[in-house]
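According to Swiss-Prot, the features are:
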- 13-129: domain 'MTTase N-terminal' (DOMAIN)
- Cys22, Cys58, Cys92: [4Fe-4S] cluster 1 binding site (BINDING)
- 149-383: domain 'Radical SAM core' (DOMAIN)
- Cys163, Cys167, Cys170: [4Fe-4S] cluster 2 binding site (BINDING)
- 383-445: domain 'TRAM' (DOMAIN)
Amino acid sequence: MSDQASKPAPAVKKLFIKTYGCQMNVYDSQRMAEAMGAEGYVLTENQSDADMVLLNTCHIREKAAEKLYSDLGRLKPLKAERPDLKIGVAGCVAQAEGEEIQRRMPIVDLVVGPQAYHRLPAMARAGRGVDTEFPAEDKFEHLPKPAATRRAPAAFLTVQEGCDKFCAFCVVPYTRGAEVSRPVSRILAEARDLVARGVREITLLGQNVNGWHGEGPEGSEWGFGRLIRAIAEIDGLDRIRYTTSHPNDMADDLIAAHRDEPKLMPYLHLPVQSGSDRILKAMNRRHTVDQYLRLIERIREARPDIMLTSDFIVGFPGETDQDHQGTLELVRAVNFGTAFSFKYSPRPGTPAYERPEIEGAVADARLQELQALLTSQQKAAQEGMVGRELGVLFEKPGRNPGQMVGKSDYLHAVFVEAPAAKVGDLVRVRITHSAPNSLAGVLAA
């Protein structure tokens, strides 16, 4: 027997990843897991038996850094018990904080920004390091091809990263860098690979996803709408979604894709942030309320059944009650299916950081008023689905025997009694009941 044959197989190394924040972080965590898989790591859901713990952070929400340091504090006993445990911090807080993370928390071995995670395996082999550079090379070119394993029926696919808009409240241009669009060929290859592994729904991701542009196979310039049409041509793919968008990049070809492409779901998340022209200017949003409302009219004319969702920030520096009333008026005018609303929180390094904040109690009251209006609209939208027949893609079994849970065309969670169904089935469901955050129905005859 040769020495090679007699060597024991290397011990399996276990990787635990905690993902904070947006869908792109979910995608990034998956790609980092695949990169570390090439190093012999397998994912574990048990943090205590991991050989590496990776915290993939988000910097959008309030007190993101404090939440990270709190989680790291809870890892101190585990690191003391197992000094060989590698602890890494990835994502946008890693980009923003850099070496400060290791200074405050020496238990952290690795700090890697979102544009450098293709170098995570080399950093792990080195044992310790910080990499928050914006490399010239495309990180996707250096990541291993995903393993040919069966996938869940819905998947994310990053097509664009970074943002050039520089909204006054936002850290994304500083943590994710300038806008970069992935090449058409790479996107289509990854989409085909996902479909070959059982994916029926793809959500295209980007910080400013509808700003994507690239060169098509014939050498012409493509916009995001043309990319969607090309992805829709993939046999076996049934649904396409995308997030997150900027109103200024809702080009004619993208609106036309909503009109013409049946695989593009009738759902659009289009953040507006405020219903006051004065505040929109202070935020550097580069559009007016009227421009947003006219855009909504064009979108609804192209796709009358579309559900619109949005984001709002209340209590932005300088916001008056009149500005707040303008936001309420915009919400009433559009009638959103759902929306996310937050009280402004300052982000170091952003233009709005040094501006005087309004009184906290005033901002809290405005947020409550806005959320009450948005909740009433969401309730009406949910109730309006009762009696309708919707497409539902089953993603997992429900808690009850014979029950399946899936997503509707409009991204609702839908509960259905379907004992013979399986994950990945795309079925028609007649909606019979609505709840604040879900629907229930029966299989259509």
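Using N, Cα and C of the backbone, Cβ positions are placed for all residues, glycine too.
From a predicted model like this one, the values you see are computed outputs, not experimental measurements.
Counting every protein chain shown, the number of other Cβ atoms lying within 10 Å of the Cβ of Cys22 ([4Fe-4S] cluster 1 binding site) is 20. Close to the recorded [4Fe-4S] cluster 2 site, the chain also has Lys165, Phe166, Phe169, Val171, Val172, Pro173, Gln207: residues not among Cys163, Cys167, Cys170 whose Cβ is within 8 Å of the site's Cβ mean position.
Straight-line distance linking the Cα atoms of Cys92 ([4Fe-4S] cluster 1 binding site) and Cys170 ([4Fe-4S] cluster 2 binding site), rounded to a whole number, equals 12 Å. Cβ neighbour count for Cys163 ([4Fe-4S] cluster 2 binding site) (all protein chains, 10 Å cutoff from its Cβ): 23.
Taking the mean position of the Cβ atoms of Cys22, Cys58, Cys92 as the [4Fe-4S] cluster 1 site, the remaining residues of that chain whose Cβ falls within 8 Å of it are Tyr20, Gly21, Met24, Asn25, Thr57, His59, Ile60, Ala64, Gly91, Thr175.
Put simply, Cys22 ([4Fe-4S] cluster 1 binding site) is 18 Å from Cys167 ([4Fe-4S] cluster 2 binding site) when counted between their Cα atoms. Taking CA atoms as the reference points, Cys170 ([4Fe-4S] cluster 2 binding site) and Cys58 ([4Fe-4S] cluster 1 binding site) are 12 Å apart. The binding-site residues under consideration are Cys58, Cys92, Cys170. Their Cβ neighbour counts within 10 Å are lowest for Cys58. A 10 Å cutoff on Cβ-Cβ distances gives Cys167 ([4Fe-4S] cluster 2 binding site) a total of 21 other Cβ atoms nearby, all chains included. DSSP assigns Cys92 ([4Fe-4S] cluster 1 binding site) to a helix.
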